[in-house]
Amino acid sequence: MQIIVNFFITFTEMVDSQYYLPNDIGISALDCREAFRLLSPKEQMYAHYLSRASWYGGLIVLIQTSPESANIYVLLQKMFRAQAPQQLEAAATAAGLSAEEYQAFLVYAAGLYANMGNYKSFGDTKFIPNLPKFKALVWESLAFKQSPGDMEALWGCCCESLYSLEDKQKQLSLGEKGISAYFSGNCCLEDAEFAQKFLDSKNLSAYNTRLFKTEIDGKRCYEVRLASGKSEVCCGKHEFEDAVFSVKRGDYAFLMEKVCQNLEKAKDCAANDNQKRMLEEYIRSFTCGSVEAHKEGSRYWIKDKGPIVESYIGFIESYRDPFGSRGEFEGFVAVVNKAMSARFAQLVSSAEDLLPELPWPPAFEKDRFLKPDFTSLDVLTFAGSGIPAGINIPNYDDIRQTEGFKNVSLGNVLAVAYATQKDKLTFLEENDKDLYIKWKGPSFEVQVGLHELLGHGSGKLFVQDDKGKFNFDQTAVRNPETGELISSWYKGSETWDSKFSTIASSYEECRAECVGLYLCLNKQVLSIFGNEGEDAEEVVYVNWLNMVRAGLLGLEFYTPESKSWRQAHMQARFVILRVLLEAGEGLVGLKECTGADGRPDAVITLDRSKIYTVGKSAIQRFLCKLQVHKSTADVEGGRALYEGYSAVTADGTHNFLRLRETVLLRKEARKMFVQANTYIKGTYDAVELVEYEGSAAGLIQSFVERFPDDAENVEAQLLEMTCMDSSCWC
C-alpha cells in the first residue's frame, strides 16, 4: 500500500511540474558566424533586412498564442531593458528570492521569448513561473521604480492568467478543451467548421485570418480578420445561411507595416529579379491581406534556385490552429551550407528513381516530379514559436502539386538539437544506448532528407476544378485497396487542410515519416549520405529505433481529459509505433518495468533482423492506405484509420494511459535556442553580427537588444492590439 501511496504523491507532483520549465533546461546558441562572414556586404545587408522583417512579424505569434502573452512579454522587456539579467539579480535578492528561484525566473522569461508566448510551441501546453515571488521581484525592479503606475497596470493585466492552471487554460485548443487566440473565446469547433464553409464559398483562404463571433438580435455574426498593414473598417459583408460574415483588413496592422518596410529595404539588396518580384508580392500580400499575392511570391521563391541567402516569410504552418487551417507567422533567414547541400542535391537527382518504389500505383503519384531546391542551411534568424529541423514549403497544395516546392534542412539546428547524453536516454536497453548516441545524428539526417523531399513532396491529389475538369482519368483510376473506381476527390476550392482539417497536419507528418522509414532501407539512399556496409545497417537500425522510441515519448503530448493530441509530429510517431506493434512477430517489444530509482519505467526494443521483412511490409501497407485516403479526399476513411491508431487507451496488450504517466515522470524538457542579432554600423555600408551565450541570460539579452530603435513604440503597439481584443476572451 505504501508503494502505491508514494507513487501517487510522485505522480501528483509530476503532473504539476509538467507546467514548469526546469532550471537545468538545455539552452544552446545557434552558431552562424562563419556562414555569415562568408557573405558579401550586399548579401549581409539582404540578410539583415529580411531578419528585421522576420523579427517584427514574429511578434504576431504573441497575439496568436494567448490573450496574455503580449502583456507578459512587455512586462519582461521593460524589466530587462532597465536591468540586464545580472543586474536584476540584486533586486531579486532584495525581494527575497533564492538563487534557485531567480534562475527559475530567468528560465521562465527565456521560455516565453523562445516560444513567443506562455504555451510550449512543441506540445501546446501552458508553462507557468516556478516561483511564488514574481510580484515581489517586479515591485523591487528598477523598471517599477521608474514607472510604478505602468508596471502595476501591466502586472494587473497578466498576474491572474500568468499562474492560472484552470482546465481550459492548460492547453491550446477550442471550446471547452482549451484556448485559442485564433478565435474569440465563445467560438467552438462547429463555428470553425461553419466559417470554413463560408470561406470556401468565397474562395478565401483561412491562412492569414482570425475569427471573432458575436450575436446581434439573436443572429450569429462573425468577423473574419485578415492580417494586413492596410486597415479598413470592412471589405465585405455577407449573408451566409443563417449568419452574417464581415471580412475586415488590418489585423496586426502595425507589425505588418514594419514587416513591409524592411522587405522594401531588402528588395534593394536582392540578388536577382526573382528575389525582387518575390518580395514585391510578399509586400502586396502583407499590405492588403491577400493570400493569393503570397502564393504568387512563393512561385517566384521556388524559381529562385540555389540562393546563397535563403528565406521564407508569412503565415505558414497550421499546427497550432485547433481546426488546422490558420497559419502561424514565421520568418527565417539562413545561409547555404555547400558541403551538406551537395548530398541533398544527389538525393534530388535520385528522386525520380526512388518515387516508383513508394507503395501506391503510378496514378496516385504526381504526373511529373518537379525537382526542388534541397539545401542545408545554417540559420541566422528563425522568428516564430519554435525552430524545426527541416522544412518543406510552400504549404499551398495547388503550387506543390503542379509548380514545385523547396526543401531545407537546418544544419546548425540539427548540430545542437539532437545531441544526447547517455544518462538522460530513457526507455532503451543499455546495449542500444551507445549505438543510439553514435548514429542518431547520421540517421536523423537521412530521415529528415527523405521526410521533406519524398515524404511531403510525393503523392497526387485528385481534383475536379471549378470548370469541371479532372486532373485524372475518372474512368480508369482504381482504388488499390478495393479495386473499385475511385468515387471521391477534391472539388473546386477544397484543399487538403480545409478537407481534413483537425487531423490534416498530423496525418501528413505521419505519411512523411513513413516514407522516410520505408525509403531509408534503400542502399542508394544510404550511400548518398555516405553510409555503406555495416555503417549503413546501423543507420537503418537507429532510424527505426528512434521512431519507435519517439512513438512512446509522444504520449507526453496526449491529453486524456479531452482525448486529444497537442503535437502533430508526436501523434504521428505514436501512430507508427502502434502500426509496428500490431505487425507482431517480435518486431517491436514494449515492456513496463521498475527503474533503478524504484520508479515506474519502460523499455522498448526492436528486432533488427525483422526490419526488412515484417517492418517493411507493415509500413508498406499502412503508407498505401494513408496515400489512398489523401489522394481521394476520403475524409471518413482517413479519419477512421488515423484516429483508430491515435487512440490512447488502457485496453489491449499495452496500457498506454499508464505508460503515459511513466513517460511524464521521465520526460526531458525540449531545448531552447539563442539566436544572433544583426546591426547596421554607423556608416550604413556594413552589417555587424552580435552573438550571445547559450544560457537563459543570453537568450533574454538577445531579445532585449532585438528592437534597439523603437522598443517602447513596439511594446506600446503590442499592448494596444491586446487591449482591443481583450473583450473577445471574456
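Any Cβ shown, glycine's included, is placed from N, Cα and C.
Remember, it's a predicted structure, so these values are computed and weren't measured experimentally.
Feature annotation from TrEMBL assigns active site to Glu452. Per TrEMBL, the feature Zn(2+) binding site maps to His451, His456, Glu509.
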For the residue listed as 'active site', the number of neighbouring Cβ atoms whose distance to its own Cβ is within 10 Å equals 28
Per-residue Cβ crowding (10 Å cut-off), top of binding-site residues His451, His456
His451
Counting across all protein chains present, how many other Cβ atoms fall within 10 Å of the Cβ of Glu509 (Zn(2+) binding site)?
22
As a whole number of Å, the Cα atom of the residue listed as 'active site' is distant from the Cα atom of Glu509 (Zn(2+) binding site) by 10
Within 8 Å of the Cβ centroid of His451, His456, Glu509, the other same-chain residues by Cβ around the recorded Zn(2+) site are Asn392, Glu452, Gly455, Glu508, Arg511, Ala512, Glu513, Val515, Gly516
